[in-house]
Every structure is written in structure tokens, then in C-alpha cells.
Amino acid sequence: MPDSLIIVESPTKVKTLKKYLGADYEVLASKGHIKDLPKKTLGIDPQNEFQPTYSVIDDKKKVIADLKKAAKNVSRIFLAPDPDREGEAIAWHIAEEIKAKNKEIYRVLFNDLTKNTILDAINHPGKLDFNKYEAQQTRRILDRLVGYQISPILWEKVKRGLSAGRVQSVAVRMICDREEEIKRFIPEEYWNISVQLKGVTPPPFEARLIKITGKKAKVKNEAQANEIVSRLSGGVKSGSKPTINLSEDRDLQPQFVVSKLEKKEVKKESLPPFTTSKLQQEASRLLRFSAKKTMATAQKLYEGIELGEEGPVGLITYMRTDSVRIAEDALKEVRSYIRENYDPPFLPAKARFFKSKGKTQDAHEAIRPSSMNYNPQKIKHFLSADQFRLYQLIWNRFVASQMNPALYDQTTVEVSADFYTFRAQGAILKFPGYTIVYTEGKEDKEQNEEMESGKILPDLNEGERLTLLKITPEQKFTQPPPRFSEASLVRELEEQGIGRPSTYAAILSTIQDRNYARLEQGKFHPTELGTIVTELLVKNFPKVMDVSFTASLENQLDLIEEGKQKRIETLQEFYAPFEEDLSKARLEMKNIKREETPTDLICEKCQSPMVIKWGKNGKFIACSNYPACKNTRNIEQGEGVERSAKGGEMTDTVCPKCGKNMLIKHGRFGRFLGCSGYPDCKHTMPISLGVKCPQEGCDGEIIEKRTKKGRSFFGCSNYPNCTFAVWDKPIPEPCPQCNSPFLVEKYSRTEGSYKACPNKDCGYRDDQS
């Protein structure tokens, strides 16, 4: 008969714990939260110190009954939900419900699910953490106050089904603000000028112009670039000056001379093991995982994977953490692994320690393998493809974090010629260090791009004269800030202190599910709905939508957990001005439903002008003579809807039915051509890319289409008779290598856009596109 009861969150953990605990322990699962706020009402009483009203979740009543029954027959109860704020709330609610009088109730934390960790936690149990529970309660109440009171206003003013969230809405604002920056951005022309030089010893090398008369080079247009090129090549007459400010004339035919030479050894240190945020970012960059997929996969690795006869094994430590701390035993184990599997130079003399940023819950560890006995390759056949890739990423990052740095011999040379200074930098990898195991994704290594390029410079000496082989002026334009990817949005949220890493996956998923933003080619674009809702919220709830204010609330939650601030203080300070904004918004927020946007369309029933209105399903076109005339019709959903309704972008294509010009319009399945004579002529045509369908026997053309979720793709115009489709945009250029009838435009986060052959066996690519 068991004497002790252990209650965990997940049924998966039950099997893992039972493997290590004897018959004296019964292990049951709560299957997540057992109590929650009501779904249909606010469930918070602002007049009574914001007391929440919790009730048992309907489908958890049997779970609670089973827990109560088991608790009656034991003397000790160990509450072991996850070691974070949500887990603490679950533990408190379980304790409240089982009401185990005269029973010893303990709180145990499992950072990983290995035998030693489990037994150590059971032998050294703790108490329920009131401050951590208070922090969770405060966050839950804040989120409920915001979401449940702003959302109904949006239902009334915009459309039903919309939601606002304390963190979610700020994340959408960041996406919208970035889009606005991009729209307002005005590119500025500039020119890079590089020279190819040859010294006494090969090879020739390239150097870039960095200074003119000792000041940073700023070449703004082609005329300035041509004048510099002319002077450098000896084509400027004596006494003339380049258009860039110069202080004196120089002789013709300037000599290129090595004016500065610096050689040094450069160390590149490895990064710490993963936190939750860094894992999400790196899995996005390297594995193309969404944050949601990363966390779901990591959860399975933590809770336990069946390893054949060995049974379930928890392969990684707890995956919701902002700490980079490594337990002493784990340090010893990984150092032993490196010693046994790599040459001596790869192992540092001492273990490496990393400092966590800001406020962290350092009771947690970084995300790492729970044991070095489970090499990814060794257990690969027990893992799914996604589990293996993520586990290998975590394993490699952890091993690399305890290896010596990579060493480079870096050479920097400056070359003077007349008024101009050029610079070249090269690096040779001297010792790979940790990079033999792990190389981080692009955004983590941008600062080292030149060093890692492997560019080799010849042996040079200061004062050495060089021979000019070639001058290359290159026109450039400044670029707008990039749209957020999942990885960069997670990084921005973390840097701004918005939300917590454990919530990022849910935030990114929600803003897409609500149609506030969509991912195109890996980048977030705000939808029209997202832009409208954000504008309304920023105007009517400026404090809630303020990034710094949202971050300050996160800091207050940390203070509550540390016992340095009271829940009631935080809630009262927040709610007083928020309540005023609510009252004002209910009266003054612009009613989008009632707004009418004029169009150039005429009602075919009564000849009155048509207008764009908002309804429960979004925008539609209606007669302005309503209610006398109730004529309506659907319009294209998505960007450019007003423009499309008013006529769209005129093209030179002639309508084959009436002879009028066709317009580019935007429909729910992508762009298309519509007759400018609408509604008299309703002829539409797909926009041709000039590429014939490659399927044998098909006479269709490839056209741009859009999925139901808004993602662009390219398919045959003869669909459904022909189902040919590709994600990459076809280009009407034959492959010069295999004669494929077209190329495709591909995009890489590290390389940008380029042309490539769609035939995988060919491998042709054009990097000059």
C-alpha cells in the first residue's frame, strides 16, 4: 500500500517517475490546471481588492475526485507540477481542493526527470511558495482585466470575435510600427568603391574605400563615384578636385602604399547553453521551427521519451527558463565527455560560467541534456525527426558552451592612395575550438561575418607599394528596417521586457490565429484588421499599448515573486487610470462598423454610389442608399481592398470582352486582373507570369495564388484539371544548365533573394539576381 502520493501536471511524467520510485509512492497527474476563472464573466471584483472567483474546470472534476481519494490513503503528499509560476498556481489549487487534514503536504521541484534529481527532490522537499503564487495571480488578473473588458468594445466598434491582450496587443503594435517605418522609409543612394590590388607576393586582394582626407568616406552619387574612380586611375587633370571636400591637390597616378598593417590573434568565445528565448530563436533560424513547435517538442523531451527496454527517460532539463546556470554535477559530466571524445586542446583548464541577464529565476538551470549518457546519435532511432533535430541542437550548444574558443589569425591592412584610404581584412581559422561542435545562426554571428569569411590576404609589409588591377564602383541604397521574423520578434520582446519567454510561443500563435498578422516568407506582415485594431487601441488605451509600461508591469511581477511588492498595490495602481480609459473608449472610440468609405462603383440596382462597410465577417460593399436599397456584395479581402474597390492599378492589358483596360485587383486568393468597366463588364483574368505550365499535355500558365491563410504560392491556371503548384515564384528564364523552361526566385535569410533551377538534380543558381 503506497504511503506517499506525488501529483504532477502531465500524464507523461507519471510513467517516468514510477520507473524510479518504488511501491511506496503513488503517482497521479492533474492534467494541467484544475481551476480557472469563469469563461463568460469577468471573474474579478475590483471593488473587493480584485478578488478572483475560481471554479473547478468541468472536465477536471473526476481528476480531483481521484486525487482526493488517493490523498485519503497516504500520510505524505508531494505536489510536483512544473517549477514555474503556472506550476505553483496548479500546486496551490490542488492543495485547496484535496483539503488533506493532518497530512504532510510538500512542494517538490524537478528541474529534470533523472533518477538522482527525482530522489533528491523527494528527500529534500520544500513548501508551497506564496510569493510565486501571488505573482502568477497578479499576471492572471491583469490579463483578465485587460482582455475581458477591451475585447467587448472591439466587438461593438469593429467586429465580433476580436480579442485584445495585455501582451498580445503590444506585440501586434510592434509589427505594425515596423511596417509603418518601412512605408515611411526613403532610400538614400550611396556608393561603395573597392579596388583590387597586387603586392610582391600573391594572391591579389580587394580593399574597400573607408576614408577620404582622414574622414569617413561618404560617396553619395554616381558623379562623385566617377570622379574618385577617375582620380584613382590617373584620369583627373592636375589642379582639379573631386566633388567630395578635399583640402589639396595631389599628383596624378597615385601610388597605392600599405600605410598600416595589424596582425593579431582573435578569440571567439562560445555562447551559453540555451534559455527558453534563445532556444526559440535558434530553432527558428536553424531548424525553421515555429516557437510553438519548439516548445511542444521540448516539452516531450523533458517529460520523457521511451527508450526501448530502458523505458521513459527525460532527456533535457526544464524548458521554461531564463537562466544560464549549469549545475555542478552537469559541469563535471560534460567536461568528462569532452575529455573522452575530443583532443586535449578543446577542453578549458576550468569550467566556464555564464552570468544571466537581468532578473532571472536562478533556481532553474539553462536548457541542457539531463545526462551525457544519451548521445543524440545513440538514441536517434527512438526519436521523431523533429525531436532528434531539437535534441541535437540542445546537446551541441551545451557541449560547445564548455569548450575552448575558436582562434583566428586576423590581418587588417590599410592602403593609402592620394586622398583615399582603403581597408582589407582577412582571417584564417587557426583552431576551431567549440565551432567543431556548434555554429550559431546568422543573427548571433553577424558581428563576426568578416572574420569568419576565410578571406586570405598575402604577406604584406608597411610601406610596400601595390599595383592597382581594378576599380569597382558599386551603387547601393540604404535599406529599411527588416520585418520581424519569429526569431527576431522573440528577441525584440525579450530585449524590451515584454511578456516572459514561456509565453512567447502562445503570443506568436495567437496574433496569427486572430488574423492580426501573417507570416510571408518567414516575415510578419500586419493584416488590415491588425492595423485598424492597433490604431484604435493606441489612441484609446495609450498606457496599455505602451511598450515601456508593459515592461514595467513585468518587473513588478518579479518584485511580487521576490516578496518586495504586494499584489494589491500593483493592481490598484494599474486599474485606476485603466478604468477611466475604458469608460472613455466605450463612448468615444471610433465605430468602424458605421464608417463608410466611398468608392467609384455604382449600384447596379438603383444607380447610387457604392460604399465600403464593415460587418461581422469583415469588409463588404453596400449601396449608400441603404435602407431603401439593400444591395450588397463581397469584396476582395486583404491589403489594397479600398484601392481595388475604387478601381485598382491600371494596366496596359486590354479586356478581351469589352476592350477597356484591365486593373490589378486583390482577391482572397491573390492578385488578379479585373475589367475597369465593372459593373457593366465583370470579366476577370489571372495575372500571368509569362511561364507555361511544365506538366506534360497541359496548356495552362503559372499564375499567382493565395492560400486560405494568406500565403502566396504559384499554380496552374487550369486547376483543378492540373494541380501543378510551387511555393517559389517562377521566372520566365530557361535554366542555362539543364534547359528547364523556367527558373524560380528563392529566398534565404542568410543570402537574400537569388535565382535557382527548380530541378533539384541540376543545382544551378544565379547569385547576381
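Backbone N, Cα and C atoms are what each Cβ position is placed from, and that goes for glycine too.
TrEMBL entries are annotated by machine, without manual review.
Taken from TrEMBL, the feature active site, O-(5'-phospho-DNA)-tyrosine intermediate covers Y318. Annotation for Y318 (active site, O-(5'-phospho-DNA)-tyrosine intermediate): same-chain Cβ neighbours under 8 Å, separated by at least 6 residues, are D82, P83, D84, F110, N111, D112, Y302, H364, E365, I367.
For the domain 'Toprim' (3-113), the number of residues in each DSSP class (helix H, G, I; strand E, B; coil) is 42 helix, 26 strand, 43 coil. Here TrEMBL flags 3-113 as domain 'Toprim'.
What TrEMBL lists as domain 'Topo IA-type catalytic' is 129-582.
Residues or ranges marked as region 'Interaction with DNA' in TrEMBL: 163-168. Helix, strand and coil counts under DSSP for the region 'Interaction with DNA' (163-168) come to 1 helix, 0 strand, 5 coil.
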Tertiary contacts of the region 'Interaction with DNA' (163-168), as residues 6+ beyond its ends and Cβ separation under 8 Å: 142-143, 146-147, 150-151, 154, 498-499, 503, 507, 510-511, 514, 533, 537, 544, 550, 553
Average pLDDT across the domain 'Toprim' (3-113), rounded to a whole number: 93
